[in-house]
Every structure is written in structure tokens, then in C-alpha cells.
């Protein structure tokens with residue numbers, strides 16, 4: 001597949017709003033891992049928003065004390081007890097928790113709890129003031145409250161809909177059965193609250209839908225940036241931004257003695273492995289059969305390599321016909337066996353052309369295991385791996401060499417598979 005094809009397909013996917021990836025009813029991303037990643041990303045990037053939203057909510061909530069003073073002066077003290085001693089402490093606690101390290105994991109549930117408590121406070125105040133002649137006007141406070149829940153707190157559409165609709169139904173029942181609101185006023189209140197709740201649901205739906213579309217689009221664009229368009233393997237950009245950091249963390253762990261401690265405890269630690277692979281005489285394949293056939297060979301080879309490694313390992317298209325495999329959990333003694341298996345699989349890989357011609361591929365491989373002596377520089381490790389590959393090519397190709405470090409000297413062990 002060529003880059004233009006991928007961009008065209010990506011553009012078409014954007015036009016339909018990724019409907020095939022998002023449930024149109026619940027707005028849940030169908031891929032559970034992507035949904036979880038989105039929620040964490042959204043909550044992590046919205047900490048300042050959450051704090052400002054809570055401050056705004058508290059300000060609006062306390063401003064209703066002015067309304068209480070003018071409309072419900074006889075109930076002011078009772079209402080203040082609910083506002084200041086039940087609802088406000090929970091809201092302040094939710095604000096403090098935004099500074100908690102694990103807050104992004106639980107942000108939805110913390111905010112939902114705060115909403116449930118504040119909603120209960122509103123209903124509680126209505127019940128306490130049920131004998132007051134103006135209590136039926138308290139519904140007006142729910143209009144901005146609905147919009148606040150849906151638009152500012154960034155509660156998931158499904159959760160917000162359940163909470164908002166439940167509040168609407170409960171308050172309607174309280175107004176009819178407990179407040180005994182006159183029928184004509186009850187109908188008007190029910191309509192205004194229902195319209196506000198519906199508007200909030202619509203706003204919540206559009207905001208979450210847009211957010212997830214943008215997130216999925218960004219993910220696709222990032223994937224295009226990090227992968228080779230033809231083979232789908234990772235590229236040098238991925239190596240520089242992700243693989244290097246990952247390997248460096250492992251090397252830093254060795255420096256700090258974590259690996260040595262595990263060895264001294266008779267625990268066999270897994271090593272990292274670098275495997276650099278080059279297709280033998282690939283230029284001849286391109287010159288003889290054309291670049292389309294050469295591309296097909298690379299694509300099929302990439303698929304073969306994917307099947308030989310673990311999901312945690314990285315495979316990169318290092319350059320034209322060169323591939324770098326980063327093994328993240330392999331014993332030093334097993335690296336040679338892995339290289340032999342790869343070399344044998346590639347040697348047995350056959351490409352049959354429409355005219356009956358059969359192309360057989362072979363490869364040269366260089367590899368090493370990390371830790372590699374006292375070398376803690378990744379560029380040097382890549383150079384030693386490349387030196388092992390160079391030795392394989394110079395000594396006849398279709399073989400491998402493993403660089404080893406012993407007594408301060410780098411040595412190379414020949415690996416054969418035929």
C-alpha cells in the first residue's frame with residue numbers, strides 16, 4: 001500500500017466521522033483499549049479545566065444564596081446548612097483531589113459523586129421548603145445546573161444523560177407529589193426543565209463525539225508519522241522518539257544496579273536484543289523484476305517478521321532493505337536461536353510471479369544482547385550491531401554474526417542456518 005492510498009483512505013474515514021469506530025448511541029469507542037486511552041488522555045489534559053469548572057460551579061452555587069435571601073428568607077438558615085455543610089465540603093474535596101496523582105483514573109467517578117451530592121442537596125432544599133408558597137420557583141436553579149453538568153464537567157455522555165435525566169424525573173415527582181405544585185405551573189416547570197435537560201444532552205453528545213473524532217484522527221496521523229507507509233513497520237522517527245528512550249531506561253536500570261541485584265538474588269533477568277537484518281542482493285531483485293515486485297517482497301518479509309516476535313517487541317524499517325528488530329525480553333543464550341530461526345524462515349520464503357518465476361530471498365544478520373559489557377551508549381550499541389551485520393555480508397552473506405563482549409574486547413560469533 002502506498003502513502004497516497006493511506007492518505008486517501010484516511011480522508012474518507014474523516015468524512016464519515018469515524019462512525020465505524022464509535023458507537024453512535026453510547027459514543028463508546030469500540031476498541032476497548034482506545035476507549036480507555038481516550039478517557040485517561042482526556043482527564044489528564046483537562047485538570048486545569050476541571051479546577052476552573054469547580055470554582056465556577058461553587059461561585060454560581062453560592063450566588064443562589066442571594067435568591068434564597070429574597071425569596072426564601074425564612075428558610076435561609078436551613079438552606080445554608082445544606083449548601084455549606086453537605087454540598088460544599090464534597091465539592092471542595094473534589095477540587096483538592098484534582099491534585100492527586102491518580103486523579104485522571106477516577107475523575108469521572110469523583111465528579112459524578114459530587115454531582116449526585118449537589119443534586120440531592122437541591123432536592124433536599126425543595127422538600128424542606130415544601131410549605132413555602134414560592135418553592136415551585138426553585139426549578140429555575142436547575143436550568144443552569146443541567147447545562148453545567150453537561151457542558152462544563154466533561155462527564156461522559158452516557159453518565160451525564162443518566163444523572164441529568166434521573167435528576168429531572170426525581171425533581172418532577174417531588175414537585176408533583178410533595179410540593180403539590182399547581183397543575184399549570186407544574187406543566188410549565190416540567191417543560192422548562194425537560195428542555196434544559198434535552199439541550200444539555202445534545203451539547204454533551206456533540207462535545208464528546210467531536211472530542212473522540214479528533215482523538216482518533218490524531219492517533220491515525222501519529223501512526224502515519226511513526227510508521228513506514230509501505231510495510232506498516234515503525235520507522236526511524238519512532239526509533240528516535242520511543243525506542244531510544246525505552247532502551248535508555250533499560251541501560252539506566254543497569255547503571256543503577258537493578259539488573260545486578262536481580263542476578264545476585266539468583267533471578268535470571270531478561271535482556272534486550274538488537275537484530276539488524278539486510279536482504280541479500282535486493283538491488284538485483286529491483287533491477288530484474290521491477291520496484292513493484294521489490295516492494296511486494298519487502299511487504300511480505302515485514303509480515304513474516306511480525307509473526308516471529310512478541311507484541312511488546314519493535315520491528316523497524318531501518319533503511320531501504322534493512323530492518324531493525326528490538327527484542328525486549330530475551331535471554332542472551334536465546335538470541336542466537338532467534339536469529340537462526342529468522343534467517344531460516346526468510347531463506348524458505350518464496351515469491352511466485354504470474355509468469356511462474358520464483359524468487360527466493362536470503363539475508364544477512366547482525367545482532368547483540370544488552371547489557372553489552374560496560375557499553376551504555378545506544379549509538380555505540382547500534383554500531384556494534386552494524387559491525388556484526390557488515391561481517392556477515394563480507395563473509396559470504398546468508399548468515400549472521402552475534403557481537404559479544406568479553407574481557408573488554410568485542411568478539412563476533414558466527415551464526416549459520418543452512
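Each residue, glycine too, has its Cβ placed from N, Cα and C.
Note: TrEMBL annotation is automatic and uncurated.
Quantities reported herein were computed from a predicted structural model and do not represent experimental measurements.
Segment annotation: TrEMBL labels transmembrane segment over residues 157-179 (candidates 157-179, 226-248, 249-271).
Looking at 16-32, 84-100, the range tied to transmembrane segment in TrEMBL is 84-100. Feature annotation (TrEMBL): of 106-128, 129-151, the stretch labelled transmembrane segment is 106-128.
Taken residue by residue, the domain 'GGDEF' (270-405) breaks down under DSSP into 59 helix, 46 strand, 31 coil.
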